[in-house]
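Q: First, the structure itself, so that you have it in front of you.
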Amino acid sequence: MAPKSKKRKMTVAQPVAQSVTAAPAKKEPPKTTFMDLPVEIRCEIYGYVLEEPTPIKLRIQFHKKKNGPREIVRIFHRRDPKHHGQVYDKKTKSWIPKQYTHSSILLVNRQINEEATPVLFAQNGYFLETTAALRDFLELIGASNVRHLRRIIIGADGYKANNARAAFQALTAAKGLRALEIDHSNLCAPQGRESTTTHRLAGDCRTLLKSLKASYETLNLFGSVLDVLSVTLRPCKAWSHPPPFSTVGHRRGHEGGGSKRMLRVSDTNGRQAASISNATLESSTDGCSLASGDKVGRPATYDDVTGTYKHMVNIQDSSSFCIRTYTITSGALKGCRTIILVPAGSFRLLDLPGEIRNMIYKCVVMSPNMISLETYHPKGHGERVVQTSFKRKDHKTKAQHTKKFEVPGPNSDTASLLLVNHQIHDEAVEVLYGHNTFSFDLTDTLKLFIKINGKCLPYLRFIELDCFWHLVPDKVVKTLKAAQRAMWRAPGLRKVQIKHHAVCSSTSLDAEAFVDVFAPLLQKIQNFKQAQGINSNMTELLEFPACSCDDCARRKAGIRITPFARGPCAGNPKCVSNQTDFPQQVKEVVAKKFPAKE
């Protein structure tokens, strides 16, 4: 038997793959996320979201079942254990998912929870109906959150002797507590009921005050523990005794039947306190101010929402301050309370990311309306371009003080932001010229504007031409060509609005001839867009906003007798056609002559 032939292995040469050099992908600029912001800015945002203008009012919610758990909820909240996360809609008579609250930001991630929790507990005051609710509230949030509490308020008739000491004992974890306010009704005895005495109140708070004194010294906190415990001076049912404070000092009447007083913080020698620098304090209330050297009397305004009296302090200084209060414990002014203004730290604008700075620039320099410009000829000076609302009188361009009258200087406008420094100027000028629409009443104004702002023209995006209402039809084409030549230096234009006057006044100018006037400008802008990688569609560049031209305004009610009541009226078919059909014809011609290129 012949042996089987072995199978031969065939090797096929593979074609050599040609190396293809891939075009480098364009790197997109990194996006700034919320966590990329400085921690100071994030804390400011947390304050806007979580901080409330009035104390957060809480109460105990009992479970419907016997011996069920107790919950701490807001006073206006109605919790149903059978429908967790739902609210009852009276219109549909059904349970629907409830909307997210502001505190839901704590559930985003752990870092935001750790940063926003101190803001939630430290920047808000908490109003609890009873001391029992306070004890349950502290147990619910835990000692890690209790340490951030700064202000606690106990409501009317909420001081319970059987659990007050335990509640204040749990509050010792709040090392930075600044205010513990007890409602005045707890110290009164209406209808023969036994009231809470000040001796009992001091005894229940003794452990808390000792703990706060030690923590203030350890943490180097300003203030005295004597200022923590206070009683809100709110009229109650048993308010029959005279007010606890009396006004001392000479009263000077003024219009409205009130009195005017002024207060200045001074040291023992009568000199202004050194801790206040050169700032002057003026303490006042509604209807009552204090004079230098007088004592603050009983305030006249009571706020039912916060349960406190309202004081107002006006500081004649532009700096930022943090207000701190102190009680002097020794010396000639022992027992006096002082107010010290500590300069607050500032955050530099240029430390923010560029995206945040641009948002700030938009809020400052962007105008909600069109910016109308005109030429101004001041005496003894050259021409300049100003807004139409500019005050032309020379004596109002600078402040003057005479015996007969006083003319204040002009207020600094938002464009003054460009004068801060070079970097802010370079960043804000792009927003100023790129996000506003500038309207020109004359071609000369446009030429002067282009001449003065030569370096800013690459940022110019939107222009309106309103310089045809006073022209005869023969000069409209000449004016359009002059405007086109003036805009030649602004290749970044995105929109050129031409008022309807130019269309109605030029009786012999059709759509194709109109586009030929702007052909050089359209070609240059299209080339610029292609070089920048922007969509080169030019059909939206020219726009004709609807308005009432001279022909449309003639022969209308009220002006038949005036010299303007001549010529065709709004019923002229050509005028109506120019306002409706002409813009579409221009778009078709532009699309034909300047097709979009990829």
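Counting starts with 1 at the first residue shown.
Using the three backbone atoms N, Cα and C, a Cβ is placed for every residue, glycine included.
Keep in mind it's a predicted model, so treat the numbers as computed, not measured.
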Q: Could you check which of 76-99, 244-267 is flagged in TrEMBL as region 'Disordered'?
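A: From TrEMBL, the annotated region 'Disordered' range turns out to be 244-267.
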Q: In TrEMBL, which of 1-29, 291-319, 523-551, 552-580 is labelled region 'Disordered'?
A: 1-29
Q: To what whole number does the mean pLDDT across the domain 'DUF7730' (33-154) round?
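A: Reported value for the domain 'DUF7730' (33-154) is a mean pLDDT of 83.
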Q: What are the DSSP helix, strand and coil residue counts for the domain 'DUF7730' (33-154)?
A: 49 helix, 25 strand, 48 coil
